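The block underneath contains the structure these notes are about, expressed in structure tokens.
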Amino acid sequence: MQCPMDTAASGTSPVMQFHSNADESTSHSSPLATLIERSQRHCYGDGIPGEFPLAATCTFFSKPANFAPNFALSLPELAAFDTCQKRTMFKLMKQEDQECLKQRCGGSWKHVLKYILVREKNGSRVIAGPGHSIVITSNGDVYSFGANCSGQLGLGDSEDRFRPCIIRSLQGIRITQAAVGSRWTMLVSDTGSVYAFGKDNFRGAELVDDAPIQITTPKVVESLKGVFVVQAAIGGYFSAVLSREGRVYTFSWGKAERLGHSSDPSDVEPRLLSGLEDVPVAYISAGNCYLLMLAYQPNGMSVYSVGCGLGGKLGHGCKTNKGMPKLIEQFQSLSFKPISIAAGTWHAAALGADGRVCTWGWGHTGCLGHGDEEYKAVPTVVEGLRNVKAVHLSTGEYTTFVVAENGDVYSFGSGESLLFQEDDEAEEGPDFSTPSIVSSLKALNKKVVQISPTNASYWLNSEMGHPHTFAVMDSGDLCAFGGGIRGQLGVKLLEGVEKVSVPMHVPIGLN
């Protein structure tokens, strides 16, 4: 069979050959007739030629493709393959590796494309870390601002920044994703390289050497050079990366096999997380001491968890630790098809294909949205959002944000990160245990598409100030609120002011 990646040896632009409907009669015994018949069957199925069952938007149908035609594939398959080719992570793969990925995803290029899109839709280009912030523009430039005591801004020094500053040493390198931890930053390029800077430690805030090495400019993580990385995540005790093939690697915190391996906690070499060999993971999300994984399957996504189970945050109906990834089975009982996950510091949330939201784990300050502070050991639907079609969610330490289809933002949990004006004369404090619209964002009259709160333990990072949050608008504008004493809001606050409850414009455009 002709390789779909082969191009004409002459070097000329390949000519697109369309699936044709032959008007002239041909012998069914001839190779051409067989080819045409098969082409029509792939295009139209049992329908009438000319009645296309698929509406697709793809340059494949309007411009010459970058590969020779393959009549063994249907038009949807060819369009999906062509769209995959637009992604650098896929284009740089060898043909045999592409075929291997196709088989891991269910044997279809459409499934491969869906697998890629899961990560793209879940990712965020704006990260609110504990004390510092990272923003990635649409062309791959990186801006950093806030606390810089360990060089975590990547600007070549250790001075705090109160305005977004571009990391010039990365110019010419297209960055696609970032992860931020305590005094530590990891960036992923479109060619699969991982750059890290800040305190030289993959182990998070709670496992710090007496005098860790500080890296003030982005440095390639040499131990990952053999892995094409598409995403990085940083927890409180560990770091993790996801390869383009859907495999998960973890750094550190292997004691008692908490992350699938039993290496010493000081070990900072990437270790393949076993137990998911036949399941391609499309997206990962790290909490303080646990990891969630959104796995792609042709019949729908599934969620696996591993790590510390205290508070029920692994979602298995118990509070025990899991050293190997385990499928969260409750979603099937709820007829809930997860499409997005968010591992908060101590609690977790998931978004369903139908717009429902589930939460589980520790319920302190009402961060689960169920009207109380009780923990939930299995994913539980947030009833207060029954009439809301959610399209995005995010979690912080004890905070949950949900963005509705119309751009409204709902929040529940710790008032420390939320935009509520507390009434000093009220006998009781405000109730954050059920979803409420964030009125201060609604007053901006701009459609919010994404929320990114600080997701780290406050007591371990108290010198960085209060948690902060970013709101991304569909226009590409960026607003911030919360703690800002170290410059993490992208603006310098007035003397004596530690945090703001009204969204402030950040002087940087994402588009």
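Here the Cβ of each residue, glycine as well, is placed from N, Cα and C on the backbone.
Listed ranges 1-30, 121-150, 361-390; the one TrEMBL annotates as region 'Disordered' is 1-30. Predicted-model confidence for the domain 'RCC1-like' (121-452) is 90, expressed as mean pLDDT. Per DSSP, the repeat 'RCC1' (301-354) is made up of 7 helix, 24 strand, 23 coil.
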